[in-house]
Amino acid sequence: MPAIHPTMKDTKTTTASPATNAAAASTKTTKKKKKHIFKKKIPQKGDPDYLSPTQLRNRRKRNAKKKGNQQPPQQQESSANTAANNNNNKSNEDEELKDPSMKYITYPTKTPIVRTATKYIEALLQSSDVTNNNNNTFHVYIGPLYHWRTVSKLAVRPDATDKNKVAIGLFAENSHSLLPVPKCKAHHPSINKVVEVVTNACHELNVIPYESNTADNESKSEEEMGQLRYIGVNVDRSSGGAQVTLVWNGKSGEEDEQLEKLVANILSEMVLCKAEAGEEPPMKRQRRRGRRGDNKEESQSKDNVKKSVSSSSSNNDSNKVRLHSLWINYNSSWKHSNRIFEYDESCWRHVEGPTSITEYLRFPTTKSEGQKGVANPTPPSYPVPLHFPPTVFRQANLDSFTNIVGRIRERVLQMDEKPFCVELYGGVGTIALNLSDAVSHIVSSDENPNNLKCFQDSVKQLPAEIQPLLDYKQKNAADMVTSESDLFQKCDLLVLDPPRKGLEDEVVDYLCKGHCSSIKLLVYVSCGFQAFQRDCDALLASGRWRVEFAEGHVLFPGSDAVETLAFFVPK
């Protein structure tokens, strides 16, 4: 039977009354009107009523909270019982919560990322694209498990038990929930002491801790979010003195009485450590030569005066924390920003102490001093100072990073001739400066404008014949490969030490397309293995490079991270 057309069905219906027709007409009119309803315009970034994804999420949380409060009495009672049970469970879980930086401390060389790296690298080492002297094994080295961290940035937030009190610590994994770590085992003892001093000072002065953006404070202005946002602590390894930075929620140049009180309190609770006369870097200590005869008694009397003064002052300051320097960083950035420091020069204020920490890499002088299997290179014949103000990047575990620099130095010393070296992502020159006697020329580079002065200050302290061989360019890596073609035509040795995200696309393209035919050795130091794997695959796929050597270093024992060192040579 043929299908009946809708209009045919309508003709079979009985005649409707006028009222029914009127209702039908009104229904049709309503339907037509709905078709012409305009959709509400979605606010775009910059519009006055625009909300960020975080703000939208918080608004949904508030609405859900309101609906929960409007439940019938019986439902509210059952919800309260459920919440009480959850709180009991949560308190039990909190007792078991560990310092997030110590999550993998039991087996620090068996973390997920180390296993992934080992599997990937060993597969490479067995391929035909690799010549490796390490028996196709990806060796992973690790230093001391505790007290290795000499650089730390810690969040300041309201205490979970008392919102008016300050808590200082680390964020739990994948969250902004603060976990106080007053006795963190990874931290150098000086960092834990600074945390105690700053916490006590904040409680004494009623300093308001910064509040992360939540549904409860969405409507607050930036000024109402709190005062102290973070503290940064770098430790001078030779003295144990702490370089302390207070990250204040305010604008530079504005007078803040509460901040000045906090500064005064901290200075009163810490003792400024000064380098003793005649203190030398831990490299080659030269023999001291003094006058003989009549001046002996005079020198002894001077020494006795120094000892008496130092002993009297030490009695007063023995219980105080050693302070290297104190800084203020003014950070009034948007509350949705995760940036810790404002790096603009105008946002920094130097309060007390030296402007930078001076460090020296301590290469093992004998095999017995170092770990089994780590590099044992001939160190430079002169001290190589590295300058670290709080405005630049510094390795958190310089002791273990020294083994990486040592392996690079060992390999460079094996080259037939002293190479012309270019370094990208050079920082203050930690790697390049420690190769200064093993190369014919060095050009280091980095985009951070604060690195240049640190590099120049180091060069001024090197031997006069070495200084003309060292240059620095304030450029990012992408600009270097696109604008310094003449430089790369002379380059024999290229050193790459990129951040966690790995190499920029411009750098990878440059290395893969054969613009760098003069390079005899490519050194890649990676702190993000997934990025290294991506870049390594691209280099090998280009057909221009092969892996000569690779090894791993656990610089952050307890964390799921591995530093990968690889040498690439032309195919």
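Yeah, the Cβs are placed from backbone N, Cα and C, and that goes for glycine too.
Please treat TrEMBL annotations as automatic predictions, because they have not gone through curation.
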Of Gln395, Gln467, Gln530, Gln533, residue recorded by TrEMBL at the S-adenosyl-L-methionine site of Tyr425, Asp446, Asp497: Gln395
S-adenosyl-L-methionine binding residues Gln395, Tyr425, Asp446, Asp497: largest Cα-Cα distance, in Å and rounded to whole number: 15
Distance from Cys527 (active site, nucleophile) back to Gln395 (S-adenosyl-L-methionine binding site), taken between C-alpha atoms, in Å: 11
The one of Asp446, Asp497 whose CB sees the fewest other CB atoms within 10 Å, among these binding-site residues: Asp497
Cβ-based isolation winner (fewest other Cβ atoms within 10 Å) among the recorded positions Gln395, Tyr425, Cys527: Cys527
Binding-site residues clustered about Cys527 (active site, nucleophile) [Cα within 10 Å; pool: Tyr425, Asp446, Asp497]: Asp497
Three-state composition of the compositional bias 'Basic residues' (57-68), taking helix and strand from DSSP: 12 helix, 0 strand, 0 coil
8 Å Cβ shell about Gln395, Tyr425, Asp446, Asp497 centroid, S-adenosyl-L-methionine site members excluded: Phe393, Gly426, Gly427, Thr430, Ile431, Pro498, Pro499, Val525
